[in-house]
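Beneath this line is the structure, given in structure tokens, with notes to follow.
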Amino acid sequence: MYMMTALQRGVWASLLWPYLITISIPLDCKEEQGSLSRCPSISQEKLLDRVIQHAELIYRVSEESCSLFEEMFVPFSLQLQRNQAGYACITKAFPIPSSKSEIQQISDKWLLHSVLMLVQSWIGPLAYLQNTMDHYDGAPDMLLNKTKWVSEKLISLEQGVVVLIKKMLDEGILTTTYSEQGLFQYEVQPDMLESVMKDYNLLSCFKKDAHKMEILLKLLKCRQTDIYNCP
């Protein structure tokens, strides 16, 4: 039953994957020379809509990837072990509000910079995750493709958020004291089980942060249209 569930999920994902790719509208922020020049030609409202769509898709695919990885490589007993062990997420130290009341109180400026902080903190770890999963025995192509897709779309999302900050705030990027190297270590795990659990924790934490990105961006959108009735 356990393997059948994973197989069925893989079949459905294979059928829906081309559709998901089709409906994803590119941000088109980067030209061949590497300069950000296409996004500035898009209206602020349309750019925000595209950024939100990217965040929605990234969260949806990260959720599917986490579930598929869980079913293929992490027995239920190990899922409980992760919860009991209290694995920490790499963004735990970030000064980003988590409760609804706290989020409602932060400014538009900090909303945008919080999203950018989350996006940039995950680019390296997702590249690492993509590399390690290539060495898994029996890892389905669907899982590998989803991980690669999310990694690429995250870079696109970063470009869109950077331009959005310039459009909405008319300023550059805030500098932070957090560095990706200080938050995430790329050491090789000597034990396969330990490596699997670390990768599972990364996927679970990214799914959580991807959802937070989506929530923050949708709150920003709400404030632009109906500031007095935002959830």
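Glycine too: its Cβ is placed from the backbone N, Cα and C atoms.
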Residue among Cys66, Cys89, Cys230 that, according to Swiss-Prot, closes a disulfide with Cys205: Cys89
Winner by Cβ contact number (other Cβ atoms within 10 Å) across the disulfide-bonded residues Cys89, Cys205, Cys222, Cys230: Cys205
Using Cα positions only, nearest of the recorded positions to Cys222 (disulfide bond) (Cys89, Asn145, Cys205): Cys205
Other CB atoms within 10 A, centred on Asn145 (N-linked glycosylation site): 16
Three-class DSSP secondary structure - Cys205 (disulfide bond): helix
